[in-house]
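Listed in Swiss-Prot:
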type: TOPO_DOM; residues: 1-10; note: topological domain 'Cytoplasmic'
type: TRANSMEM; residues: 11-31; note: transmembrane segment
type: TOPO_DOM; residues: 32-610; note: topological domain 'Lumenal'
type: COMPBIAS; residues: 56-69; note: compositional bias 'Low complexity'
type: REGION; residues: 56-81; note: region 'Disordered'
type: CARBOHYD; residues: N64; note: N-linked glycosylation site
type: CARBOHYD; residues: N75; note: N-linked glycosylation site
type: CARBOHYD; residues: N100; note: N-linked glycosylation site
type: CARBOHYD; residues: N400; note: N-linked glycosylation site
type: CARBOHYD; residues: N469; note: N-linked glycosylation site
type: CARBOHYD; residues: N546; note: N-linked glycosylation site
Amino acid sequence: MIKNIFQSRKLSGLCVLSILLVSVTILLLTNDTIDLFPYLSLPYLPRSSLSVIPTSTPISSPTNDSSPPLESPVNQTRVDDHPDDQGLELDWLKDDKQWNVSLKIDWKRCESPDYIPCLDNTKAIKKLKSKRNMEHRERHCPERSPKCLVPLPQHYKVPLPWPQSRDMIWYDNVPHPKLVEYKKDQNWVRKSGPFFVFPGGGTQFKDGVIHYINFIQKTLPILDWGKKVRVVLDVGCGVASFGGTLLDKNVITMSFAPKDEHEAQIQFALERGIPATLAVIGTQKLPFPDNAYDVIHCARCRVHWHGYGGRPLLELNRVLRPGGFFVWSATPVYQHDEGHRNVWKTMESLTTSMCWKVVARTRFTKVGFVIYQKPDSDSCYESRKNKDPPLCIEEETKKNSSWYTPLLTCLPKLPVSPIGKWPSGWPERLTETPVSLFREQRSEESFREDSKLWSGVMSNIYLYSLAINWTRIHNVMDMNAGYGGFAAALINKPLWVMNVIPVEGEDTLSTIFDRGLIGIYHDWCESFNTYPRSYDLLHSSFLFTNLSQRCDLMEVVVEIDRILRPGGYLAVQDTVEMLKKLNPILLSLRWSTNLYRGKFLVGLKSSWRP
């Protein structure tokens, strides 16, 4: 009998234990505040019962493996500033059975791992009547943006982190050895084992770029790097060692060069983590506003400033800030044979007619440079005996007129004070009212409100609540930057931001430059002028809803996939309807996605290619 009682109690205990184990298991499986599989989560991912993480391969070293309404303001960059309403806006997700369902798309690979649709349109380039003025290096977009996915280079690796990347990059990520041979005597770049190494040399940097930069300031002390001078344009930048070195002096440089026979110099720059874009001074304006840059630099940049009726130099004059400086380091400055003397005389005549004055001219270790200064008022223009080039009429210089627009043959009138005055020193200019807004009280108020909102939302949401590992982020793009509030809120992070102003929206790019930030005009219905795998993070705030009224959302997503590196992020704030359209497309690309508070969608690009 005692034995039967013992067996009965034993069975009861086993039943209780079984029920307890089942209960714990159900609790674990239904409560996803407990992370059972942390290796499947995105880095620093806050879990909630309504967040969505599709099963996908975690990012490591990417490989080449294969496997099967009412219109709101076009350039609106509003942000969410109500942190306590998250439960109120997620009801739609509970009933949405399609949210985590991938679209079935038969993705194809593009032919080249370095494909740039608007610069590689060979059919359009072959039809050009002339290439004399670099027309073949300008944008020629296909009628329909391609929907293929750019393959990875063989043996592609996760890029080296900043600041290590400034001095060396993986050879396999940019496998273009021609530049090493072509520039072997100029110390631009050399191959060392599995790396490209950048010693800091250049065509004009005989003693290194640091010595060169310091000598420029010593020659003209008013060029106070990182204080008076904050925003620089480097023309024909090579591998961007000039701009990369200036980052240490709190100077942000927009380095640009065409896609040309030097083979991927801009790709080298971006892989190094240095701000750069593909552009050329040909027959059309650069995609920058008037009066933007504090300093423009050209070191043997191979631009014939006096050619094409002087239009290239007039374009520099347009984008140079009143009172700004042009540093020209080239052989005509210091060589004295007849050919170089003739170029110098022509340049002298042209700059005089533009009222530029020489403020310094010197020779530096067998290399010379001259520094010109642009006037800060129209008085010189008006006192010229020969009014050639003439002053522009207002229609030629209206805002947002730098997109597919012919180069000027005239001098834009200079803005009058206080708009024409030099901004405050850095870093004060970042937070002070931009000089371009002084005439517009309403815009000034909007700017203040925008700055306040972005400061809050960055600290409350973007930095700590979204599925973004900021330690891996260096090259950032804000796809519709507004006043640059997103970039300004990140100013203390070791990264840089390319602020893009959509051409169909409000033109606020001058404000961005006034703040000491860099940016560019673009139409997101077309491909961006950059190499594939250039950026770590793309950010969009209410851009896609407005874009969908003009262009194919699928094509925009394909372009984002092209620009982002494997392991890179897309952070989107938009309407519920747009997020519902966007998420299935991202899932079809084998991206991981996560939704925060029903408003913020974060996508993590995988290394998958079709």
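Even glycines carry a Cβ here, placed using N, Cα and C.
Overlay of Swiss-Prot annotations on the structure.
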residue: N100; record: N-linked glycosylation site; CB count, 10 Å: 16
residue: N469; record: N-linked glycosylation site; CB count, 10 Å: 15
residue: N546; record: N-linked glycosylation site; CB count, 10 Å: 21
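Recorded residues N100 (N-linked glycosylation site) and N546 (N-linked glycosylation site) have their alpha carbons 24 Å apart, per Cα-Cα distance. Rounded to a whole number, the C-alpha distance linking N469 (N-linked glycosylation site) with N546 (N-linked glycosylation site) is 29 angstrom.
In the predicted model, the topological domain 'Cytoplasmic' (1-10) has a mean pLDDT of 46.
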